[in-house]
Amino acid sequence: MSTTSSVTPAPAPTRRHAASSAAPGVSGAHGAGIARRTRFAAAGIAALLAFAVYAISNLTPWGQHTENVLVFGSDERQAVAYFPYSVLRLPPLHGETGAIVVGFLLAIGIAAARRRWRDLATVAVAVPASVLVDDAVARALVKPALDPGSAIWTLASSFPSGHVVIVAAVSTALAIVVPRRWLAWCLPILGAWTALVSSAVLALGWHRPSDLLGAVLIVAAFFLAASAVFVPRTSPIELTGARIVPTLAAIIAFAAVFAVQPAVWATPVFAAFGALATVIALVVALRLLRPQE
């Protein structure tokens with residue numbers, strides 16, 4: 001008489017085992033998320049990059065000359081961005097203090113309403129730290145006269161941009177605390193606002209491209225460090241077409257339009273840096289700082 005042997009199937013891997021196969025510091029679909037050490041390391045890298053941008057653009061003759069050529073002869077009244085600045089009085093081009101206070105309180109209020117206390121703590125530390133340190137750094141940094149052919153007014157240090165620190169800090173805070181279902185409409189608005197301000201401060205002649213990069217890197221460093229202290233794990237948001245296409249379209253459009261000014265050859269440079277600064281801020285928020293839900 002023959003017998004039939006049965007084979008017991010192996011148990012499916014548990015969630016813990018599935019997570020363990022992910023890359024170090026980054027979760028799988030339902031894994032442990034981005035660890036503290038990863039965000040601390042990213043904060044350090046952002047700070048080092050900010051210093052490198054300052055050193056190259058302000059402490060070398062060719063860095064100074066390149067940026068001085070871009071801003072030489074700027075007349076803010078002839079820039080497209082003069083309209084939102086002088087007529088619309090768009091914050092933070094006008095009303096820097098009001099912009100940071102309202103944006104900060106809005107982010108805190110959303111986090112509190114959702115009972116996201118760790119995210120609230122991150123915002124409560126990172127936003128004021130970014131603004132205060134930006135102001136201190138702007139006062140402390142020097143810009144030696146290394147470009148002899150430049151005009152006197154181009155010798156003043158403008159690194160980093162306080163306007164961009166404000167808009168990047170508020171946009172990062174809101175991108176962290178809003179519910180996931182809000183991102184589809186919230187991200188294009190934040191992207192458009194950040195891109196507009198970033199391009200505008202270049203077109204108006206207030207800042208140089210390096211000032212934008214320094215600003216968003218300072219904001220990223222403080223948010224990453226604060227998140228690493230208060231939030232055990234974060235979960236990267238998938239940048240799907242439904243989220244990324246409208247946001248990128250808004251960023252590119254607003255960066256391009258509000259970079260326009262009389263020096264036609266400088267306009268695409270301003271637009272590119274305005275868009276780049278915006279993308280850095282939002283990618284850091286969505287890929288490294290968003291909490292697990």
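Start at 1 and count along the chain as shown; that gives each residue its number.
Using the three backbone atoms N, Cα and C, a Cβ is placed for every residue, glycine included.
Remember, predicted model here, so these are calculated numbers, not experimental data.
Per TrEMBL, the feature region 'Disordered' maps to 1-26. TrEMBL lists 40-57, 93-113, 120-141, 161-178, 185-206, 212-232, 244-264, 270-289 with the feature transmembrane segment. Feature annotation from TrEMBL assigns domain 'Phosphatidic acid phosphatase type 2/haloperoxidase' to 156-230.
For the transmembrane segment (120-141), the most Cβ-contacting stretch among 40-57, 161-178, 185-206, 212-232, 270-289 is 212-232 (pairs under 8 Å). Using a Cβ-Cβ cut-off under 8 Å and counting only residues 6 or more beyond its ends in the same chain, the transmembrane segment (185-206) has close neighbours at 70-71, 74-76, 79-82, 84-85, 90, 92-93, 158, 161, 163-164, 167-168, 171, 174-175, 178, 212, 243, 246-261, 267, 270-271, 273-275, 277-278, 281-282, 286. Here the transmembrane segment (40-57) does not touch the transmembrane segment (161-178). Their Cβ atoms form fewer than 3 pairs under 8 Å, with each pair 6 or more residues apart. By the Cβ criterion (under 8 Å, sequence separation of 6 or more), the transmembrane segment (161-178) is not in contact with the transmembrane segment (244-264), since fewer than 3 such pairs are found. Across the domain 'Phosphatidic acid phosphatase type 2/haloperoxidase' (156-230), the model assigns an average pLDDT of 96. Counting residues per DSSP class in helix, strand and coil order gives 62 helix, 0 strand, 13 coil for the domain 'Phosphatidic acid phosphatase type 2/haloperoxidase' (156-230). Beyond its flanks by at least six residues, the transmembrane segment (212-232) meets 33, 36-37, 39-40, 42-44, 46-47, 49-50, 53-54, 118-119, 121-122, 125-126, 129-130, 133-134, 137, 159-162, 164-165, 168-169, 172-173, 176, 198, 201-202, 273-274, 276-277, 280-281, 284-285, 288-289, 291 of its own chain at Cβ-Cβ distances under 8 Å.
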